[in-house]
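In what follows, a single structure is set out as structure tokens and then discussed.
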Amino acid sequence: MEFMEIFKKWAPEYDATVNGENEEYRDVFINYSEMLNELASTAEGRVLEIGAGTGNLTLMLKDKGREVSAIDPSDDMRAIANETKNLDVQYGHFFDIPFDQPFDYIVTSFAFHHVKPEEKSDAIKTMMHSLTDDGKLLILDTMFESEKYKQDLIKYYNNQEFYNLTEDLQTEYYTYIENLKDIVNDLGLNLDMVQKNKFAWLATISK
């Protein structure tokens, strides 16, 4: 899978970064714990987490008593989640969901940008097929209202010399709001969007 080498490098630093210790990414993850807590509080019943990473959201879901299954493609991320947080994150990703029984909620946080633009529709379709008829998909991720908004951010953070962040903004497959609306509409689904910080949006998709 693409980005696996990035995951290997990112894994040891991930928790520190999302908790604000890396100045370059601080704005990306403002209110990180609150955003994850909202996902964990909203998701009920049987919950699948895709792109669990080091298990931060998984842990919150379990603490709230949710029946949660979690998957991630990165050996390094899963090792941190399973060995240091006593979780059971299994191998899987957006196109490889190793469970047959449908879920009431599927949640994913800061992972959907690893899906190529031309594959996002199929990824959403795959996830929706793994939901119950009244199930919901929650996607929390960096998204952009327009190309201009994204380029303005890149210019601003280049001026701050946050070059790792701006490289990510130019190389990862971040979703544009209008494109997501088009995908959801073409699939005959419903979409609700709420902005959570300068970068993050929460998309709720239902049948």
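From the backbone N, Cα and C atoms, a Cβ is placed for every residue, glycine too.
Note that this is a predicted model, so its numbers are computed, not measured.
Over in Swiss-Prot, the protein carries these features:
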type    : residues     : note
BINDING : Gly51, Asp72 : S-adenosyl-L-methionine binding site
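Using a 10 Å radius centred on the Cβ of Asp72 (S-adenosyl-L-methionine binding site) and all shown protein chains, the other Cβ atoms total 25. A simple way to gauge crowding: the CB of Gly51 (S-adenosyl-L-methionine binding site) has 25 other CB atoms within 10 angstroms, across all the protein chains here. For the recorded site, Gly51 (S-adenosyl-L-methionine binding site), the DSSP three-state label reads coil.
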